[in-house]
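According to Swiss-Prot, the features are:
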type	residues	note
TOPO_DOM	1-10	topological domain 'Cytoplasmic'
TRANSMEM	11-35	transmembrane segment
TOPO_DOM	36-56	topological domain 'Periplasmic'
TRANSMEM	57-81	transmembrane segment
TOPO_DOM	82-92	topological domain 'Cytoplasmic'
TRANSMEM	93-107	transmembrane segment
TOPO_DOM	108-113	topological domain 'Periplasmic'
TRANSMEM	114-138	transmembrane segment
TRANSMEM	142-166	transmembrane segment
TOPO_DOM	167-190	topological domain 'Periplasmic'
TRANSMEM	191-206	transmembrane segment
TOPO_DOM	207-228	topological domain 'Cytoplasmic'
TRANSMEM	229-249	transmembrane segment
TOPO_DOM	250-257	topological domain 'Periplasmic'
TRANSMEM	258-267	transmembrane segment
TOPO_DOM	268-274	topological domain 'Cytoplasmic'
TRANSMEM	275-296	transmembrane segment
TOPO_DOM	297-304	topological domain 'Periplasmic'
TRANSMEM	305-324	transmembrane segment
Amino acid sequence: MLTLARQQQRQNIRWLLCLSVLMLLALLLSLCAGEQWISPGDWFSPRGELFVWQIRLPRTLAVLLVGAALAISGAVMQALFENPLAEPGLLGVSNGAGVGLIAAVLLGQGQLPNWALGLCAIAGALIITLILLRFARRHLSTSRLLLAGVALGIICSALMTWAIYFSTSVDLRQLMYWMMGGFGGVDWRQSWLMLALIPMLLWICCQSRPMNMLALGEISARQLGLPLWFWRNVLVAATGWMVGVSVALAGAIGFIGLVIPHILRLCGLTDHRALLPGCALAGASALLLADIVARLALAAAELPIGVVTATLGAPVFIWLLLKAGR
């Protein structure tokens, strides 16, 4: 039994090392690739200082942090709701952030600065999170809380549809681009949003023990002495914060929170001591590679990154499911 545990631990370490190398390679490629290829030797030239340090680096850091946040949020929600299909958009938090952002765009007539839009998106996500916590205080079961989140998401989606229907053509273009996701407008002015993600990411990665208990189910977690009500509230709030900040940075991006944790579990990373940091590394790498494709696929335009993640990731996910079922 001890030998089996050691083998699993070594396998987890190997996976984390491989994912770390993949993330570093994706980071290097993201800084080099673009309309102009800039090799590392030219990064400190005048051209490199402009393109790499002022344009590509802040965008790359934002992609890394958002990818990690979405993947970890998916892992937390899948353990919390005992549902492999749970992901950040399922509880309505992503749509809540969207309602906040759309309200800011429409009421501000497209004139509000980016920091104000970011604050409105975070506020929308936190409002939905507070509503969910209100439900949680009534000691609803996990399945009922999940259904409440789905209902809130549907309501927020309807509100966004109504807002887009009555918006002007200029606002409509901005809103539609946001709904498809993208990092085109990210620069160092959004560094405060990036910094807002880091403490929460680090804190959740350290919560492997309660996460492992939650993954066993509500009854087992209570028998092991876990204060289920407390941890459910804390994790829902943490997820709401990370999703709200991510939406403020990049808009609505699906697939990452759903598939990355599931793929890592299929690969053998079931212990949250390895799964949580693995999700951060894999989510960051996957979203960064998708962002590179979005930038380079068309010569004169940029693809929405949400479309790229769904197009590239869904076939891989289906292949892994078929492989695991054999």
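A Cβ is built for glycine as well, from the same backbone N, Cα and C atoms used for every other residue.
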Paired segments the transmembrane segment (142-166) and the transmembrane segment (305-324) in contact, 3+ CB pairs under 8 A: no
Three-state composition of the topological domain 'Cytoplasmic' (207-228), taking helix and strand from DSSP: 15 helix, 0 strand, 7 coil
Segment proximity, the transmembrane segment (275-296) to the transmembrane segment (93-107), 3 or more C-beta pairs under 8 Å: no
Residue counts (helix, strand, coil, in that order) that DSSP gives for the topological domain 'Cytoplasmic' (1-10): 9 helix, 0 strand, 1 coil
Structural state census, the topological domain 'Periplasmic' (108-113) (DSSP three-state): 0 helix, 0 strand, 6 coil
Spatial neighbours of the topological domain 'Cytoplasmic' (82-92) far in sequence, C-beta under 8 Å, 6+ residues away: 70, 73-74, 128, 132, 142, 146, 149-156, 215, 217-218, 236, 239-240, 242-243, 246, 252, 254, 257-258, 262, 265
Leading contact stretch, 114-138, 229-249, 275-296 vs the transmembrane segment (11-35) - CB distance under 8 Å: 275-296
The topological domain 'Periplasmic' (167-190) [mean pLDDT, rounded to integer]: 74
